[in-house]
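Here is what TrEMBL says about this protein:
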TRANSMEM  200-219  transmembrane segment
TRANSMEM  270-289  transmembrane segment
TRANSMEM  335-354  transmembrane segment
TRANSMEM  361-388  transmembrane segment
TRANSMEM  394-416  transmembrane segment
TRANSMEM  437-461  transmembrane segment
TRANSMEM  467-492  transmembrane segment
Amino acid sequence: MVLKVFFPSCCSSADSGILIGRWISEQNSAVILAVVHFPFIPVQVKQYLGEVQRVTKVSVSVLGSWSNSKQEKEESLSEFLEDLGTIFCHEPWIQISKEGDSKFWSCSILQKHSKNPQEEEIILVYYDQRKVMLSHLHPPLDTAGQRAEDASKLSAIFDTVARSQVLFMTDRYDEGPIKLTHWQSDGVEASIIVELLKQASVPACMLLTLLLSLLSGICRSRVLKFWPLSFLWSKLSTCEQLGHRLQHLQLISSNKKAQNQNQLMRKANIFVSLLIDVALGILLMSWLYRKNRIGHLADTLIPVADHVAEELQDLLQWLMGAPAGLKMNRALDQVLGRFFLYHIHLWISYIHLLSPFIEMILWYVGLSACLGLTVALCILSDIIALLTFHIYCFYVYGARLYCLKIYGLSSLWRLFRGKKWNVLRQRVDSCSYDLDQLFIGTLLFTILLFLLPTTALYYLVFTLLRLLVVIVQGLIHLLVDLIDSLPLYSLILRLCRSYRLA
């Protein structure tokens, strides 16, 4: 028979004492979880192990003794460690010893109550308890039926360490009458700080939850469902992003414990994404308010808007002539060109009316960067939409006019074939027309057909301009979605602590 002893690497420097762990008889192996140092009272150790076993449902017991003598090995200590086997009667009794800084260990087994003691080969497995505890190698906690019933699998070892979390958390702050050594023993000060932060986060999360519930109640009120406010809420990407961040904050500040590892990772990813988003927003805000960059930006914005308007005017003048040598309908071309030029003049007047307030608007918009870089990017997208509103109007006018002509031509084409669209049955039926209807339809079809190239050219040009604006806004929204949905916490764990995602 081969006996496997899983010994944690964090206990290699522990003082002499007894070994606490779980004996897996089906695998003929022992999982060492901690070392109890001298001095101790055996009754208190048994009571403590009974409480741990009641909470964790793991049969934790004293498996043997650990001797770490930094000087010459004392005979009295070795005899005392052997006598502990009579107090904590566990069969077999494991004795592991290490002398000084030697790399060689000695491991033996005592079977006092066995009638036919047999020599067994011992394999000492040296494992990193911290990585096993924090990794996902053990079965999920919600699948209780699959925990360690199959003793032929190595998952029983990892499951034992994972379910013994209470044992590792007991002496974080006060060592008490029983002094243990395990993977958290070296970080007592850090554990105290973490626990204080946890205790302080409870009232902070409760206050944040209250404020967020009030804010979400206001957002769900009927006042925001009226036409102007509901229209703005659905069209402005800033309002949509604020709604997403409100949901994220409600999820993070919730006092409900994550039921499984997926929910925990999702919360952690959202929290890290929110922190990085706010940090980048604060950096952007500090950059904007340094060296009067907002004033320079406001001074640059008006000339840029004028330059864009001048380019549009030149484009319309080109379309009103003979663009690319095309023969256009002069009357319709002049009407459409003057119509769009009038809109550009209105837009230039509107921009110059707002010019005294541009710097103040940008100053307050810059403050919104403290809510996160994504909010600032959404505001930038909305500003681009407002500054190019005249291009959107041109696109809508051109598309509506083009669609009306296409719809008229399709209807008149059905008239030539003796067909018509049945509105009630939603299908094309046969129909007989008289001579006057066919004559008027022929005239209208000819007029619409010869006016179609002029309308299609305007529609094509303004569609390309609108597409350029949509591409810029799409890139901004792509960056916003990347910051919102990128699992930064998982990536950091993968780079720094890959064993957490084993």
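Including glycine, each Cβ sits where the backbone N, Cα and C put it.
Just so you know, TrEMBL annotations are computer predictions that nobody has curated.
When Cβ-Cβ distances below 8 Å are used as the criterion, the transmembrane segment (270-289) is approached by residues 245, 248-249, 251-252, 297, 366-367, 369-376, 483-484, 486, 488-489, 492 of the same chain, each at least six residues removed from its ends. Panel annotation: around the transmembrane segment (437-461), residues 315, 319, 323, 326, 328-329, 332-333, 336, 340, 398-399, 401-402, 405-406, 408-409, 412-413, 415-416 of the same chain, lying at least six beyond its termini, place a Cβ under 8 Å from a Cβ of the stretch. Through the fold, the transmembrane segment (467-492) approaches residues 237, 241, 244, 265, 268-269, 271-273, 276-277, 280, 373-374, 377-378, 380-381, 384-385, 388, 391-392, 501 of its own chain, all at least 6 residues removed from its boundaries and within a Cβ separation under 8 Å. Outside the transmembrane segment (394-416) by six or more residues, the chain places 339-340, 343, 428, 433, 437-438, 441-442, 444-445, 448-449, 451-452, 455-456, 458-459, 461-463, 465-466 with a CB less than 8 A from a CB of the stretch. Sequence-distant contacts of the transmembrane segment (335-354) (same chain, at least 6 residues past either end, Cβ-Cβ under 8 Å): 302, 305-306, 309, 312-313, 316-317, 319-320, 361, 389-390, 393-394, 397, 454-455, 458.
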